[in-house]
Amino acid sequence: MQETAVSEKKRVVVLLSGNGSNLQALLDQEHNHSYQIVGVISNVPEAYGLERARQHKVAALGLDYKVFSSRGAFDQRLVEEVKRFEPDLVVLAGYMKILSPEFVEKFAGRLINVHPSLLPEYKGLGTYRRVLADKKTRHGCTVHFVTPELDSGAHIIQASLNVEPTDNEESLKQRVQAMEHQIYPLAVHLITSGRLQLKGDKAVLDDHPIDPLGYQLQENALELA
């Protein structure tokens, strides 16, 4: 894939709450793609993801929810800070605070998330534990547009793998995250290059609606055909 000139790249803001491994993947691959990370914001000021951003000379901001007088005050400040970066796309990368409907509406169609399950199965937290408890044979991750309803919105890409008899929560998490680190930069590139859009309630790739479950990829084949 050819490099895109910085001046042509679309502006991306990342929201996170923790380690920032998906941010790292986005940063590592941005030179090959049509986006540039211009800002990183965390609701946890000590989140290591902010340090990852600083190491790449990307603007990093911690917004401590506890110092705000109300949820509304925090949400208003978050909107203001995101808008300050003039983003073309807002990417949730392990952002653990539920966004307000007003925030989601403000950035509708340019707000995406990656969730560690094959949505619509296993919304919410604890996906690895629940999958193993249910003795599922397949697991994976889903990149999707964000709507006010938790872990909903049009699917973009889904990547799946076989759950091995030897898997535990940590090993399954590591395998799924390895897929996230490939498909999330790909999804961001597809959107910022103009190939993929949200039209109504459907994700459309190259003018063709994507399967409702998302473009399907496998652990050993994580590139578009």
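Placement of Cβ uses the backbone N, Cα and C atoms for every residue, glycine included.
Per TrEMBL, the feature active site, proton donor maps to HIS115. In this structure, HIS115 (active site, proton donor) is part of a beta strand by DSSP. For HIS115 (active site, proton donor), the same-chain residues lying six or more positions away in sequence with a CB closer than 8 A to its CB are LYS123, THR127, CYS141, THR142, HIS144, ASP151.
The N(1)-(5-phospho-beta-D-ribosyl)glycinamide binding site annotation in TrEMBL covers GLY20, SER21, ASN22. Classification of GLY20 (N(1)-(5-phospho-beta-D-ribosyl)glycinamide binding site) by DSSP places it in coil, neither helical nor stranded. Residues near GLY20 (N(1)-(5-phospho-beta-D-ribosyl)glycinamide binding site) in space but far in sequence (CB under 8 A, at least 6 apart, same chain), listed by position: VAL40, ALA47, TYR48, GLY49, LEU50, ARG52, ALA53, ALA93, GLY94.
Counting only same-chain residues at least 6 apart in sequence, those with a Cβ under 8 Å from the Cβ of MET96 ((6R)-10-formyltetrahydrofolate binding site) are SER17, GLY18, ASN43. If you look up TrEMBL, you'll see ARG71, MET96, LYS97, ILE98, LEU99, ASN113 marked as (6R)-10-formyltetrahydrofolate binding site.
Residues or ranges marked as domain 'Formyl transferase N-terminal' in TrEMBL: 10-188. Residues belonging to the domain 'Formyl transferase N-terminal' (10-188) score a mean pLDDT of 96 in the model.
Taken from TrEMBL, the feature site 'Raises pKa of active site His' covers ASP151.
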Entry from the binding-site residues list SER21, ASN22 having the most other CB atoms no farther than 10 A: ASN22
What count of other C-beta atoms do you get within 10 angstroms of the C-beta of ARG71 ((6R)-10-formyltetrahydrofolate binding site), across all chains shown? 12
Could you list the residues of the same chain, at least six apart in sequence, whose Cβ is under 8 A from the Cβ of LYS97 ((6R)-10-formyltetrahydrofolate binding site)? SER17, ASN43, TYR65
Report the residues of the chain - excluding GLY20, SER21, ASN22 - with C-beta within 8 Å of the mean position of the site's C-beta atoms, for the recorded N(1)-(5-phospho-beta-D-ribosyl)glycinamide site, in sequence order. LEU16, GLY18, ASN19, LEU23, GLN24, ALA25, LEU26, GLY49, ARG52, ALA93, GLY94, HIS181
Within 10 Å, the Cβ with the most other Cβ atoms among the binding-site residues ILE98, LEU99 is that of LEU99
Between the Cα atoms of ARG71 ((6R)-10-formyltetrahydrofolate binding site) and SER21 (N(1)-(5-phospho-beta-D-ribosyl)glycinamide binding site), find the distance and write it as a whole number of Å. 27
